[in-house]
């Protein structure tokens, strides 16, 4: 709590996500923080555990983007570098980020990499879940994070998205998430849980990051795309997947609580956010 309430600290940037941030939730007074001067809380993965209540309860804008360990390269790629532009901008600034040109398929080797940077070798292509290739645009207040985390916060005071939506986003909401480890059937269950709790009601759009989990190669078995299509079936909302979000770098930096506009096109997409 002392770091979060210290007025001389402008940002808290953990080096990496971890696994058990859930153990911290009962130790943090999020209502008290709503009266404290906000500061940036930055990162992704298990850090979504704290992003969510800091935004939905305390009213802070939180930054889902590269962890501190992602920022050690001698030269950062343009997608990763954008996190600094957000951190150094004033309230009301509009930030525009473009889809990356390439992403990294393998894991980072932090201990042996010569400069700590990413190996961006695979062509990036954001895709529409409905299979259509024509361009589209949607806008809404951003909220989201690591699906393994936020699906477990759903239904608790720390992840009451329907209440946050009703209180803070009359203009509509854009939900974003990424899957790290869940197999297709488990992913389907997690998404249906959110759907049944009203998370998908009155959305303006959905952004889904590249999945880091192994997919099912047997064409007769339920696979990753089957899971996504089942969860969003008969929901009239644009859904983009393979977006630059999460554990398969690089990733754009998304501010929970920011008003955002998303533009999709086959030859390149972008996101603008008003801080």
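Cβ atoms here come from the backbone N, Cα and C positions, even for glycine.
Annotation source TrEMBL lists domain 'LD-carboxypeptidase N-terminal' at 2-65.
As annotated by TrEMBL, active site, nucleophile applies to 45. The DSSP secondary structure for residue 45 (active site, nucleophile) is helix. Here residue 45 (active site, nucleophile) comes close to 16, 17, 18, 67, 146, 149, 180, 246, 247: these same-chain residues lie at least six apart in sequence, with C-beta atoms under 8 angstroms from its C-beta.
Annotation source TrEMBL lists domain 'LD-carboxypeptidase C-terminal' at 139-262.
Feature annotation from TrEMBL assigns active site, charge relay system to 178 (among others). Residue 178 (active site, charge relay system) falls within a strand segment according to DSSP.
The secondary structure of residue 247 (active site, charge relay system), as reduced to three states from DSSP, is coil rather than helix or strand. Of all Cβ atoms in the shown protein chains, 20 besides its own fall within 10 Å of the Cβ of residue 247 (active site, charge relay system). Residues annotated as active site, charge relay system in TrEMBL: 247 (among others).
The Cβ neighbour count for residue 178 (active site, charge relay system), using a 10 Å radius over every protein chain in view, is 28.
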